[in-house]
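Chemist: Take a look at this one; I'll ask things after.
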Amino acid sequence: NNRRAHHRGIVDECCFQSCDFRRLEMYCAPAKPAKSARSVRAQR
């Protein structure tokens, strides 16, 4: 009696059953360019 059966989230995809890294990555924000917050702070 799961009403959200059609809407599977990251837990359904990768915790209750295994998934590959590429599928796991789809849930994450894209990688940012190499500049870190530390280097930006040092310039001020």
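Placement of Cβ uses the backbone N, Cα and C atoms for every residue, glycine included.
In case it helps, Swiss-Prot gives these features for our protein:
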- CYS19-CYS28: disulfide bond (DISULFID)
- 1-8: region 'C' (REGION)
- 9-29: region 'A' (REGION)
- 30-37: region 'D' (REGION)
Chemist: Given the disulfide-bonded residues CYS19, CYS28, which one is most crowded in terms of C-beta atoms within 10 angstroms?
Modeler: CYS19
Chemist: Can you check how the pLDDT averages out over the region 'D' (30-37)?
Modeler: 73
Chemist: Could you give me the DSSP helix, strand and coil counts for the region 'A' (9-29)?
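Modeler: Going through the region 'A' (9-29) residue by residue, I get 11 helix, 0 strand, 10 coil.
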